[in-house]
């Protein structure tokens, strides 16, 4: 009597590379730029004189929370934790899509804070850089969401 096939214990997609090769393939190559530009956003906002605490507080919340959760996603891919969940790719796509929307709102609020801070040139230039990096980070999160979904 032939024994049945052993149960599958891993639901991971077979085309996800392991280790450092993960960072060289699309859509996973977006992780490091998301983390770097997200880090730049919250450090630049923290370096300014906060004109509107509610607006830039939202920018700080979105950028720091997104940074930490994206770092956890990256570590879960590097260490292989994603292998135990069947719907990991859907979760990844939903997270990055939602974060792209939240980052867009934060980028618009940061742009408004930039416009308001035109009187002080030093603060204005820092806010301009934070706005630029917020929009770049928004684009990266949206590209990651679409590329992981269609990958």
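Any Cβ shown, glycine's included, is placed from N, Cα and C.
Annotated features, as they stand in TrEMBL:
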DOMAIN    22-151  domain 'MARVEL'
TRANSMEM  20-46  transmembrane segment
TRANSMEM  58-82  transmembrane segment
TRANSMEM  94-116  transmembrane segment
TRANSMEM  123-150  transmembrane segment
Best-contacting stretch, by C-beta pairs under 8 Å, relative to the transmembrane segment (123-150) and drawn from 20-46, 58-82, 94-116: 94-116
The domain 'MARVEL' (22-151) - residue tally per DSSP class, helix then strand then coil: 112 helix, 0 strand, 18 coil
